[in-house]
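Lifted from TrEMBL, the feature list:
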ACT_SITE  377  active site, proton acceptor
ACT_SITE  465  active site, schiff-base intermediate with substrate
DOMAIN    39-122  domain 'Copper amine oxidase N2-terminal'
DOMAIN    187-253  domain 'Copper amine oxidase N3-terminal'
DOMAIN    305-544  domain 'Copper amine oxidase catalytic'
DOMAIN    585-673  domain 'Copper amine oxidase catalytic'
MOD_RES   465  2',4',5'-topaquinone
């Protein structure tokens, strides 16, 4: 019901249809294309060559240094892009966004730069956030270099606890690099190392950088192997020698230092959580098959597959994707993921931009790490962890796969093979159909159109969770944005007090309840940029029956509410057309387009949620008119996840997907899928005998055999070219 209601609302962001749509030439989409490996490298080399910046390589060296953290496309301003796309204006200059950590100075800060022109940059200038606020250094995302120092510091700090950890878990925290155990080697437990997962926010107030770490046994699926020890580390200082363990939590008790915990163990006053060694085979957190289905039907043969017997029905030119009436440009930005531009149907622009903005997960729990966990995944490089998609599993074997290049916490462009896939998907249900019965055992006609959609997909593996991001295009002018959640649950050590906050999913594992929320930007330009916003709802009336005196009729009627102004607070003088939005509580908010409100979150929100650089509420506070304006819809979708035993080893995708639809509403004269040549119409020629039928179709009578795909292959590496 929610998805349907949302689609009504979004589809009403239109007023009139323009005339004479023009299909843009394929080359125009490239203004939105991600930076190539060569462009990323050119930006990095240019900035490193500037002596005034004093940049050092990202990897190695001290934390107190100036380094380049992120480089990605800086999209052109909308007015410049539309002038180029619609009016034949000059092509916007291609620029990059560069994020620099200035840690090697007395007052460290973060500065973002525009760098151009590409492909041969010669200048840079600072970028600013709305309100002109500077970026505090403690808001920076974690880097591999900081994690290296955190590991080194933790190994030294845990030394007094090695005996406790060995006795209780069979594992301990090594001061060396541990490798995942490989099947068939030794006891399957490798070096019996402990590892950790860190949670965020990193503190309780602005300017802090204190992280709770959950210690886990480093086996396959280590996220499900907490050992009952959580450690609070203060790592705000840029000199790791000044870092310190501030608190520990072990098996329900708090301790001020590792030595205090160790003394409690030595004195016999500690209640020890002793864990059996994990088995070397069929570990509960692994994907190895175990158990049997009772019906005996075979799973040792391949299941159904997507087939393209007569070739692909879509075209891909660089980053321009075309399918039926649809055309769009897409990119995979390192900061936040998939972003669509210039979304058109039959040449008519529907949206200027549809993009993922943020994914958050708010947890509850008994342990300190669990109650502190409020993940905001743009701060964890949500768009840069787009690892290789497996043909036949993550996407059909027939899909088109596209590589991506990211320069995120790296000393050069890193190629992520098969990071995006595109495929046509049989939906398994007809797009539309009708059997016209004659109510005498026969029929007048049957007609149906098979259901298909084009899917644009990528994934984000943000540590334990895997998000599968889809944009789907249907032949009837409907577009869908959808995300599936899978991967490992965020788990903590089970204690009886914890059952209030989740479920015991294994002997010593608590699956903590959490809420997933995903935010999208939908910059709709339906028949131009002058759009209005209207909601529709169903009301009921109880009226006299006009054709039967004395009787009553209860029936629904359509209530339309034009919103001429939308705001977080009521207007000073309430008037018709004002639609208040309760602060922080909305599925949909509509604002006017502003260049300094290009995103609803940032990579800094995770480590600075108290005074965020991008404060979305401020988008709504100005109480601007939104009638016949360039409007942006901000859409929030989500679901509550109470983990359960069936989330072992991984959360499954069925039932864990949310999204929204963009649906035309009186935009076309009829269903635009009538342009498809895919329907089948069957008419009897000799009723009531029904021995002769006329079968009309506009495709070959038989689709032909499906070709066998090549054997499964997978590489899985992501490295600098």
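Using N, Cα and C of the backbone, Cβ positions are placed for all residues, glycine too.
Curation does not apply to TrEMBL; its annotations are automatic.
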Point to revise | Per-region confidence, the domain 'Copper amine oxidase catalytic' (305-544) (mean pLDDT, whole number) | key: 97
Exercise for review: Please list, for the domain 'Copper amine oxidase N3-terminal' (187-253), how many residues fall into helix, strand and coil according to DSSP.
Suggested key: 6 helix, 31 strand, 30 coil
Review point. DSSP helix, strand and coil counts for the domain 'Copper amine oxidase N2-terminal' (39-122)?
Key: 20 helix, 27 strand, 37 coil
